[in-house]
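Participant: Just dropping this structure here.
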Amino acid sequence: MQHNSYRRWITLAIISFSGGVSFDLAYLRYIYQIPMAKFMGFSNTEIGLIMSTFGIAAIILYAPSGVIADKFSHRKMITSAMIITGLLGLLMATYPPLWVMLCIQIAFAITTILMLWSVSIKAASLLGDHSEQGKIMGWMEGLRGVGVMSLAVFTMWVFSRFAPDDSTSLKTVIIIYSVVYILLGILCWFFVSDNNNLRSANNEEKQSFQLSDILAVLRISTTWYCSMVIFGVFTIYAILSYSTNYLTEMYGMSLVAASYMGIVINKIFRALCGPLGGIITTYSKVKSPTRVIQILSVLGLLTLTALLVTNSNPQSVAMGIGLILLLGFTCYASRGLYWACPGEARTPSYIMGTTVGICSVIGFLPDVFVYPIIGHWQDTLPAAEAYRNMWLMGMAALGMVIVFTFLLFQKIRTADSAPAMASSK
């Protein structure tokens with residue numbers, strides 16, 4: 001990073017932890033669905049409604065979150081978002097009725113998506129110039145994973161200390177998350193700088209955001225290239241959530257063992273592979289995050305080909321685990337780098353937030369359709385056919401990533417060569 005390196009690393013860690021754990025109460029169902037039904041009195045259908053309420057609101061708010069990131073103080077927005085999310089969590093800990101929970105979920109979407117999502121990514125990206133984006137975003141993704149994993153393990157330990165029928169157990173977990181959010185919000189106030197100061201540190205022209213910039217962002221080809229790269233990688237991320245089902249149904253692995261593999265892939269790999277992608281861009285000959293994603297996508301495509309070949313006659317569970325882990329590595333390393341692509345493409349800082357918001361809307365669309373499609377295959381087809389279709393979907397997604405990283409890198413190379421040509425004249 002640049003001047004005052006230690007403070008910037010601390011700032012990056014605080015932003016990353018905040019951005020990572022802030023979603024945990026909104027997605028409480030992922031770990032605590034049974035306790036939610038038992039202690040909060042919701043049916044599984046109602047819990048599904050609670051989740052979909054947040055998801056729909058999030059999709060709507062991704063694009064406006066970019067405008068927020070470009071118009072308002074990063075320090076004030078991140079601090080406010082974390083503290084308000086913590087206060088909402090304290091309300092959630094009272095075990096409110098369904099209509100209140102739905103309102104809380106909408107409020108969570110406002111604080112974590114509208115106020116925090118694009119702001120946190122832009123604030124992190126401004127901690128370095130375009131050549132440092134791979135390192136910054138890689139470590140951001142890894143630190144997010146560390147924060148999520150650490151807090152999840154701690155709250156699970158606290159939850160396990162209570163009797164199975166003690167309703168205080170879930171309440172305590174929610175309160176712990178809420179207090180952590182508020183404390184992180186306070187830390188953000190002292191460590192996160194306002195975007196005006198960061199622009200000055202990077203010697204960039206201070207420009208105010210205008211409504212016409214939204215259309216300008218949509219007219220920039222690299223916005224669409226970055227969006228489609230994220231779209232493809234996120235499709236693989238969604239597919240990996242079925243790894244537990246795949247190992248149990250196709251290889252006969254026990255549910256407990258497969259669940260541990262799910263933790264390794266979804267928690268540990270997220271913490272390790274994001275920084276690893278940044279390290280590759282920093283210390284290898286391939287300095288470009290876009291090129292690294294392309295190489296990882298080729299490796300992922302070969303892995304999916306192997307999974308497709310072994311799908312019809314699975315025999316070695318070790319091979320199945322190895323291939324899933326390899327696919328997980330390519331996915332999480334790419335996730336740690338894809339937000340570096342707009343910065344590498346020299347997106348101006350004054351529209352970086354809007355770019356992130358638009359890329360989020362397009363790139364995260366697989367979150368809407370992948371799960372229903374794969375679920376339909378699982379319900380209507382034999383397991384082997386369902387997972388064959390899933391691997392084919394993944395291959396199509398990575399093929400798209402390879403194409404759009406090629407197009408994006410061509411644009412980046414052209415932009416990099418322009419200053420050199422100008423200086424030689």
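Just so it is clear, glycine is given a Cβ too, placed from its N, Cα and C backbone atoms.
Annotations for this protein, taken from Swiss-Prot, read as follows:
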| type | residues | note |
| --- | --- | --- |
| TOPO_DOM | 1-8 | topological domain 'Cytoplasmic' |
| TOPO_DOM | 30-48 | topological domain 'Periplasmic' |
| TOPO_DOM | 70-75 | topological domain 'Cytoplasmic' |
| TOPO_DOM | 118-138 | topological domain 'Cytoplasmic' |
| TOPO_DOM | 160-171 | topological domain 'Periplasmic' |
| TOPO_DOM | 193-219 | topological domain 'Cytoplasmic' |
| TOPO_DOM | 241-259 | topological domain 'Periplasmic' |
| TOPO_DOM | 281-291 | topological domain 'Cytoplasmic' |
| TOPO_DOM | 335-354 | topological domain 'Cytoplasmic' |
| TOPO_DOM | 376-388 | topological domain 'Periplasmic' |
| TOPO_DOM | 410-425 | topological domain 'Cytoplasmic' |
| TRANSMEM | 9-29 | transmembrane segment |
| TRANSMEM | 49-69 | transmembrane segment |
| TRANSMEM | 76-96 | transmembrane segment |
| TRANSMEM | 97-117 | transmembrane segment |
| TRANSMEM | 139-159 | transmembrane segment |
| TRANSMEM | 172-192 | transmembrane segment |
| TRANSMEM | 220-240 | transmembrane segment |
| TRANSMEM | 260-280 | transmembrane segment |
| TRANSMEM | 292-312 | transmembrane segment |
| TRANSMEM | 314-334 | transmembrane segment |
| TRANSMEM | 355-375 | transmembrane segment |
| TRANSMEM | 389-409 | transmembrane segment |
Participant: Do any residues of this chain, six or more beyond the ends of the transmembrane segment (49-69), have a C-beta under 8 angstroms from a C-beta of it, and if so which?
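Facilitator: The answer is 26-27, 29, 42, 77, 98, 101-102, 105-106, 108-110, 112-119, 121-123, 209, 214, 352-358, 360-361, 364, 367-368.
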Participant: At least three Cβ pairs under 8 Å linking the transmembrane segment (139-159) and the transmembrane segment (260-280), pairs spaced 6 or more in sequence?
Facilitator: yes
Participant: Average the pLDDT scores across the topological domain 'Cytoplasmic' (193-219) and report the rounded value.
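Facilitator: Average per-residue pLDDT within the topological domain 'Cytoplasmic' (193-219): 62.
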Participant: Does the transmembrane segment (292-312) come near the transmembrane segment (220-240), with 3+ Cβ pairs under 8 Å (pairs 6 or more apart)?
Facilitator: yes
Participant: Apart from its near flanks, which chain residues at least 6 from the ends of the topological domain 'Cytoplasmic' (335-354) lie with a Cβ under 8 angstroms of it?
Facilitator: 63, 65-70, 118-119, 121-122, 125-126, 130, 133-134, 136-142, 195, 198-199, 202, 204, 206-209, 213-214, 216-217, 220, 222-223, 225-226, 229-230, 233-234, 237, 270, 273-278, 281, 288-290, 292-293, 363, 408, 411-412, 415
Participant: With a Cβ cut-off under 8 Å, give me the same-chain residues at least six positions beyond the ends of the transmembrane segment (9-29) that come close to it.
Facilitator: 1, 36, 47, 50-51, 54, 78, 81-82, 85, 88-89, 92, 105, 108-109, 111-112, 116-117, 120-121, 123-124, 127, 136, 139-148, 151-152, 174, 177-178, 180-181, 184-185, 187-188, 191-193
Participant: Using a Cβ cut-off of under 8 Å, list the residues of the same chain at least 6 residues beyond the topological domain 'Periplasmic' (241-259) that approach it.
Facilitator: 265-266, 311, 314, 317, 320-321, 324, 328, 371, 374, 378, 383-384, 387, 390
Participant: Apart from its near flanks, which chain residues at least 6 from the ends of the topological domain 'Cytoplasmic' (281-291) lie with a Cβ under 8 angstroms of it?
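Facilitator: Long-range Cβ neighbours of the topological domain 'Cytoplasmic' (281-291): 131, 133-135, 137-138, 229, 337-338, 340-341, 344-345, 405, 408-409, 412.
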Participant: DSSP says what for the topological domain 'Cytoplasmic' (281-291): how many helix, strand, coil residues?
Facilitator: 6 helix, 0 strand, 5 coil
Participant: Residue list, the topological domain 'Periplasmic' (160-171) vs rest of chain: Cβ under 8 Å, 6 or more residues beyond ends.
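Facilitator: Here the qualifying positions are 32, 35-36, 38-40, 93, 95.
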